[in-house]
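Engineer: First the structure, then my questions, so here it is.
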């Protein structure tokens, strides 16, 4: 009998082996079929069906059977039809991931197919070309009967609309992620509810375009619901969520919801996390509702309009770990019911940007798990409780802009993990407690605008993590500790407006080159730019920690009302260095510092802003400062400096300099940017001369001591002069000879003899009425037409107001970061465009006028000409030629504007024209002009479809920090900003080249630079193209171009190479715009298009207003990374 049972068992084992082997063979066969169906064969190179399923790339096996397969991130470029016919059929696979694998096609291709019986988790996320309706999703879930987790986030679900019926739907799913798709209609969501989506435990519909919340039925099993980032408006309908009593997480943030706190939520007694932030809710919080939500661990109501006091029932929630009520209008005191439980788990308390009063209650000290405490921008008074030192886990203590008094408690030294101590804008007194030296993790110390005194402690130099030190606007005295140079992480040092004396320690530069990568990471900040010329405040501006605060609410700061903060910029304190890391901001102004400026400060390779003004500094300006290659702002005004301005400063790309009120002498260097600044920046230096100051008088009397040496030099000088005159004569003869051979250019493209524009050294007659008259006045508008080639008629303010119908919205044809643009027809019939600039309260009349005179002289066929400008009070208006077809963005992405498509010939002409205009700014103007915001909306199209670059001078109208601190505003537009701008405040011509590369991609692909529908939330056009260039490269081109003329494919590829070169991550490897033009010319030279087209294209390149390609190749010196 035993032998019989043994024989039967052996038969079963053998049968199992046979079945397993057959199943494995079936899996291998399906994988081989899939491999053959994948267009990108290189992605699965090295495997064939004979290798077995377990050796397939991304395979996971258990006991010899294929149980999981992950091809996430592999650029398959496969059709979903092939996936459904092969990978979904794998019999033993439990987990299948094709996340970000470039799968495309329709989800409906799975219709009729059956999934493998073991499949439990399917991840198809991040495939932007995978499209279908929510009904297709339900059908896929039904086809895979055992499926529990389905992830389709970042695809194109919703692009197709649902039909009728409901089907078995989603009932079997445990988790469904449809976030970041295209679900728009309310009917889609209602269909899903009818199809049983309420039975799904985890449902993520964030980042779609849903506009309403239907009533969820049969949703007792729903535990997680995320509808954030949609377009839901109005109040949450009563009863919409009342059946979902099992909900543990509800996220309705970033919508347009309004009304009072939704009453239904009080019935969701199982809630662990509730997020209603970034909506328009208002009214008081119902205390009785929160009394029922005893399981809440996270509550976020920030960025709403809730008011009244904070209910005790909120503060005393027993399980609460995170409480964020920031940016509302709560009033009253901080509840004393906080952390009543000695075992409180609260680790985040955000109450900033409200109207809270009273003191900091002792109850806060009971929150022993607290990691982050932010009470900034309130009206909290009293002293900082010494008991806060009991919060041993605290990392962030942020109390700026309150009414706190008294001394900084020494007990804070017990918080040895403290990283951010931010107490600006209070009334604190005393000195910095020496005990704080124990807080060795401090990263950001900000004590500005208090009444602190005493010396700056030398022990600060021992804080190896210290990155930001702000002690400005206090009464600190004594010398600057040389030990600060030992702070190897220090990037921001602001000591302005104190009573410091002694010399500037050369040791401050010791940390240069010793910094690590990623020193300060992740803290939101706002930088308030201060216009010192008309302000009661001092220094270049104020850096504030800015977590969960509305920018508009900064107007409540008394200091902002006193100071003339011209602009504010929001960003994140994340800074990395490629090499030679150093300080980036140094402000020691308004002190009593004396002695010479140490030349070692020039060793700070990344230093961008240096303000040493309003001190007692003496000696000469060290030429070594010019070794700080990234220096953008330099203020040495109101000192006792003498000697000349170093010629080495000509190599700096300065955007702001102030050397006024010193004892400097000599000539202002003409090279570089120094001569482009207004004379106010050099005034009150009795020995200084040269533009923009009066010219140097070389015949002025000399002292007797100098007479003999000058006599000895006379012979040599006369010889040099004769040589120079002869050389000048030869140059003139050559120029005349060349000029006689060149055909006349159009009048509007008149050039200087050497094709180079130099800033004006003289001022033509102008119309000097200052435009301060009211509308009823008869005085002429102050329009400066110096060197403008086609003077406008005499215009009054009333003329422009009448031409734009009072700047009526109906006349507005555009809007951007610099202001609104209006179409206007003047009385003589001429149609112009009038740009009404945003108010620039920090821009003086002289600076504005000088800049306008410079911009007005720049004429080129591919630049939009400035016809005139005017100013009245704070108003600034610019008058331009009107461009009939608007911008390239309008023409390319909104074709109804001109009612026609752009074929490749037109796009090529636009690409070359825009490049020519930008090359002219970079290489034909001295100093060169950096556009700073090159994008398709700044490429205008005239009636001949000729590209004209606009706004090329706008960034210079703003102050340096406008163009060097805010990559999110003036220094670029999302999608066009080069990667280095996120690490450096400094704009360069190579940044413009990158932005031009994006414009060229737009012309080639027909796609905008950013579109989450096409590229996903974390991608853009550049990233999308770079992904596709690894696959079938021609897929990136606009299908309309190849459909119209397949023969242009090779030419498109050549232009794509140019675009990719412009988009190199390393600026030094990008071509100059002159090189780009040369590459265009090479393409034309080798083009196989017909002679007529070729001739036209060649003309479009060579006929630049000033012969950009014919000029000697004066390649700009490469910027060092």
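Cβ atoms here come from the backbone N, Cα and C positions, even for glycine.
Here Swiss-Prot flags 525, 569 as brassinolide binding site, drawing on similarity to another entry. Here Swiss-Prot flags 813-821, 835, 881-883, 887-890, 933-938, 951 as ATP binding site. What Swiss-Prot records for 102, 151, 218, 280, 307, 366, 381, 473, 564, 580, 658, 684 (among others) is N-linked glycosylation site, and it gives sequence analysis as the kind of evidence. Annotated region 'Disordered' per Swiss-Prot: 693-712, in sequence order. According to Swiss-Prot, the feature repeat 'LRR 2' maps to 116-142. The repeat 'LRR 3' annotation in Swiss-Prot covers 144-167. Under the heading repeat 'LRR 4', Swiss-Prot lists 170-193. Taken from Swiss-Prot, the feature repeat 'LRR 5' covers 197-221. What Swiss-Prot records for 223-243 is repeat 'LRR 6', and it gives sequence analysis as the kind of evidence. Under the heading repeat 'LRR 7', Swiss-Prot lists 244-268. If you look up Swiss-Prot, you'll see 269-292 marked as repeat 'LRR 8', on the strength of sequence analysis. Annotation source Swiss-Prot lists repeat 'LRR 9' at 294-317. Under the heading repeat 'LRR 10', Swiss-Prot lists 318-341. The annotation repeat 'LRR 11' is assigned in Swiss-Prot to 343-367. Here Swiss-Prot flags 541-564 as repeat 'LRR 18', drawing on sequence analysis. The repeat 'LRR 20' feature in Swiss-Prot is assigned to 604-628; the stated evidence is sequence analysis. Feature annotation from Swiss-Prot assigns motif 'Cys pair 2' to 689-696. Summarising the annotation, Swiss-Prot assigns transmembrane segment to 719-739 and lists sequence analysis as the type of evidence.
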Engineer: Just name the winner among 813, 934 (the binding-site residues) by count of other CB atoms within 10 A of its CB.
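Structural biologist: Per the Cβ count, the most surrounded site is 934.
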Engineer: Out of 151, 218, 525, 684, point to the one nearest residue 819 (ATP binding site) in space (Cα versus Cα); all of them are recorded positions in the record.
Structural biologist: 525
Engineer: Helix, strand, coil: count each for the residues of the repeat 'LRR 8' (269-292), based on DSSP.
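Structural biologist: Across the repeat 'LRR 8' (269-292), the residues distribute as 4 helix, 8 strand, 12 coil.
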Engineer: C-alpha of residue 525 (brassinolide binding site) to C-alpha of residue 473 (N-linked glycosylation site): distance in Å?
Structural biologist: 19
Engineer: Taking helix as H, G and I and strand as E and B in DSSP, count the residues of the repeat 'LRR 11' (343-367) in helix, strand and coil.
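Structural biologist: With helix first, then strand, then coil, the repeat 'LRR 11' (343-367) has 5 helix, 5 strand, 15 coil.
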Engineer: Can you tell me whether DSSP puts residue 381 (N-linked glycosylation site) in helix, strand or coil?
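Structural biologist: In three-state terms, residue 381 (N-linked glycosylation site) counts as strand.
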Engineer: For a quick check of packing: other C-beta atoms within 10 Å of the C-beta of residue 102 (N-linked glycosylation site), how many?
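Structural biologist: By my count, 25.
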Engineer: Of the recorded positions 102, 218, 835, 883, which one has its Cα closest to the Cα of residue 366 (N-linked glycosylation site)?
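Structural biologist: The smallest Cα gap between residue 366 (N-linked glycosylation site) and any of the recorded positions is with 218.
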Engineer: Specify the nearest of the glycosylation sites 102, 151, 218, 381 to residue 813 (ATP binding site), where nearness means the distance between Cα atoms.
Structural biologist: 102
Engineer: Taking just the CA atoms, what is the gap between residue 937 (ATP binding site) and residue 102 (N-linked glycosylation site) in Å?
Structural biologist: 30
Engineer: Closest of the glycosylation sites to residue 835 (ATP binding site), Cα to Cα, picking from 218, 473, 658, 684?
Structural biologist: 658
Engineer: For a quick check of packing: other C-beta atoms within 10 Å of the C-beta of residue 835 (ATP binding site), how many?
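Structural biologist: By my count, 21.
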Engineer: Using DSSP, tally how many residues of the repeat 'LRR 10' (318-341) sit in helix, strand and coil.
Structural biologist: 0 helix, 7 strand, 17 coil
Engineer: If we check Cα distances from residue 381 (N-linked glycosylation site), which of the binding-site residues 883, 889, 934 wins as closest?
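Structural biologist: That would be 934, the closest of 883, 889, 934 to residue 381 (N-linked glycosylation site).
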Engineer: Consider the glycosylation sites 151, 280, 473, 658, 684 and say which one has the Cα lying nearest the Cα of residue 934 (ATP binding site).
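Structural biologist: Out of the listed candidates, the nearest Cα belongs to 658.
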Engineer: For the repeat 'LRR 10' (318-341), provide the mean pLDDT of the predicted model.
Structural biologist: 96
Engineer: Hey, how far is residue 658 (N-linked glycosylation site) from residue 280 (N-linked glycosylation site), Cα to Cα, in Å?
Structural biologist: 46
Engineer: How many neighbouring Cβ atoms, not counting its own, are there within 10 Å of the Cβ of residue 151 (N-linked glycosylation site)?
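Structural biologist: A 10 Å sphere around the Cβ of residue 151 (N-linked glycosylation site) contains 20 other Cβ atoms.
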Engineer: Mind checking how the repeat 'LRR 4' (170-193) divides into helix, strand and coil residues in DSSP?
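Structural biologist: The counts are 8 helix, 3 strand, 13 coil.
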Engineer: Would you mind listing, in sequence order, the residues at least six apart from residue 218 (N-linked glycosylation site) in the same chain with a Cβ closer than 8 Å to its Cβ?
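Structural biologist: Residue 218 (N-linked glycosylation site) has long-range Cβ partners 196, 198, 199, 243.
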